Amino acid sequence: MAIRKKSNKNPPVLSHEFVLQNHADIVSCLAMLFLLGLMFEITAKGAIIFVALQYNVTRPATEEQAAESASLYYYGIKDLATVFFYMLVAIIVHAIIQEYVLDKINRRMHFSKTKHSKFNESGQLSAFYLFACVWGTFILVSENYISDPTILWRAYPHNLMTFQMKFFYISQLAYWLHAFPELYFQKTKKEDIPRQLVYIGLYLFHIAGAYLLNLNHLGLVLLVLHYFVEFLFHISRLFYFSDEKYQKGFSLWAVLFVLGRLLTLILSVLTVGFGLARAENQKLDFSTGNFNVLAVRIAVLASICITQAFMMWKFINFQLRRWREHSAFQAPPVKRKPAVTKGRSSRKGTENGVNGTVTSNGADSPRSRKEKSS
């Protein structure tokens, strides 16, 4: 087996190119340090803060659930360490999908640089949206959210979460935080960075807001709804890159996008504007996690409405741009009329000749008449 010579291509250790090429291996080694810390008694107490969920309490069994006691969780400052560890996991998974799936497809399809970056973006996001949507739907079904919608606001504050619920939110925060270093690892263009920062910031703002304000029930429903619509868009864009005639997915996405925005507003107003507004306990209490006061409710509804309006504005601009491009592509080419020269020779040919041939009986030109008169 021949040994490949890489000495001329390998960048210097810890250089810019070295970090970009080997960032997945570097992050994997860092994550392994936390896992190895669990094996030793001295470091286990510190390592477990990063790996396992914190702040669990055991609720005693009731008469309805006499067979088992439930372990519930609340949030705290140690969750930042857990989010950091799973952010490293998200970077590793991102690199695996990129190297073993997307890069192989890119080599076969021979995309341009613009399509290459958009294909990678849609490939990564479609995989994440599908996974998160299936996971979130499983939580909704297992905790009877669909059969009893009043659980969205009943018994607020929802400061105690099941393992699946808390792990879902930790994973969401970790994934969207990992998107910041990925802008550097993936060599994102400078003109694309502001757009990326806007939607990453919006995700983190709303997910963290639902998590910290104990609106995790409402946040889960809205995330599943939003992720399903976004998954349809990115999977349609993947099919479009392979066949530019494919437009059915975008048409279905356009309808579901508008319906998704309406459902988001309806559920938000129903939960925050009516459900929580009629609750008996409307006092601000940080110890119990009760934020059901008028100012917080107005802020929550305002942030949701502004975000939905911003998304609709972007959606309308996107549809208008696609409509203009489609109209320009379908419009027939305009036939240009031949330019008519206004020189003296052309006028002489039209006035004194037939089919461009000068006749002997033609009238004299103004200059010749002037010379004769003189």
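Yeah, the Cβs are placed from backbone N, Cα and C, and that goes for glycine too.
The structure displayed is predicted, hence computed values, not measured ones.
Annotated compositional bias 'Basic residues' per Swiss-Prot: 334-347, in sequence order.
Per Swiss-Prot, compositional bias 'Polar residues' is recorded for 352-363.
Annotation comment: Swiss-Prot describes 117-326 as domain 'TLC', evidence class sequence analysis. Model confidence over the domain 'TLC' (117-326) is summarised by a mean pLDDT of 93.
Within 10 Å of the Cβ of Asn56 (N-linked glycosylation site) there are 14 other Cβ atoms, across all protein chains. Residues or ranges marked as N-linked glycosylation site in Swiss-Prot (evidence: sequence analysis): Asn56.
According to Swiss-Prot, the region 'Disordered' annotation covers 333-374.
The topological domain 'Cytoplasmic' annotation in Swiss-Prot covers 1-32 (among others), and the record cites similarity to another entry as its basis.
Within its own chain, the topological domain 'Cytoplasmic' (103-121) has Cβ neighbours under 8 Å at 186, 188-189, 192, 234, 237-238, 241-242, counting only residues six or more beyond its boundaries. Marked as topological domain 'Cytoplasmic' by Swiss-Prot: 103-121 (among others).
Positions annotated as topological domain 'Cytoplasmic' by Swiss-Prot, on the basis of similarity to another entry: 181-192 (among others). Per-class residue totals from DSSP over the topological domain 'Cytoplasmic' (181-192), listed helix then strand then coil: 5 helix, 0 strand, 7 coil.
What Swiss-Prot records for 236-251 (among others) is topological domain 'Cytoplasmic'.
What Swiss-Prot lists as topological domain 'Cytoplasmic' is 319-374 (among others), and the listing cites similarity to another entry.
Per Swiss-Prot, the feature transmembrane segment maps to 33-53 (among others); the stated evidence is sequence analysis.
Under the heading transmembrane segment, Swiss-Prot lists 82-102 (among others). Away from its own ends, the transmembrane segment (82-102) comes close to residues 23-24, 27-28, 30-31, 34, 49-54, 119-120, 123-124, 127, 170-171, 173-175, 177-178, 181-182, 185 of its chain (Cβ-Cβ under 8 Å, at least six residues beyond either end).
Sequence-distant neighbours of the transmembrane segment (122-142) (same chain, 6+ residues past either end, Cβ-Cβ under 8 Å): 94, 97-98, 101-102, 105, 162, 164-165, 168, 171-172, 175, 220-221, 223-224, 227-228, 230-231, 234-235, 237-238, 241. Annotation source Swiss-Prot lists transmembrane segment at 122-142 (among others).
According to Swiss-Prot, the feature transmembrane segment maps to 160-180 (among others), an assignment based on sequence analysis.
Below 8 angstroms of C-beta separation, residues 75, 169, 172-173, 176-177, 179-180, 183, 219-220, 222-223, 291, 296, 300, 303-304, 307 of the same chain, each at least six residues beyond the ends of the transmembrane segment (193-213), sit close to that stretch. Annotated transmembrane segment per Swiss-Prot: 193-213 (among others), in sequence order.
According to Swiss-Prot, the feature transmembrane segment maps to 215-235 (among others), an assignment based on sequence analysis.
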Restricting to CB pairs under 8 Å, which listed stretch, 33-53, 252-272, 298-318, is in contact most with the transmembrane segment (160-180)?
33-53
Tell me whether Asn56 (N-linked glycosylation site) sits in a helix, a strand or coil according to DSSP.
strand
Outside the topological domain 'Cytoplasmic' (181-192), six or more residues from its ends: residues with CB under 8 Å to it
20, 23, 91, 94, 117, 120
Let me spell it out: take the transmembrane segment (252-272), skip the flanking residues so only those 6+ beyond its ends count, and list any with a Cβ under 8 Å from a Cβ in it.
152-153, 215, 218, 221-222, 225-226, 228-229, 232-233, 236, 297, 300-301, 304-305, 308, 311-312, 315, 319
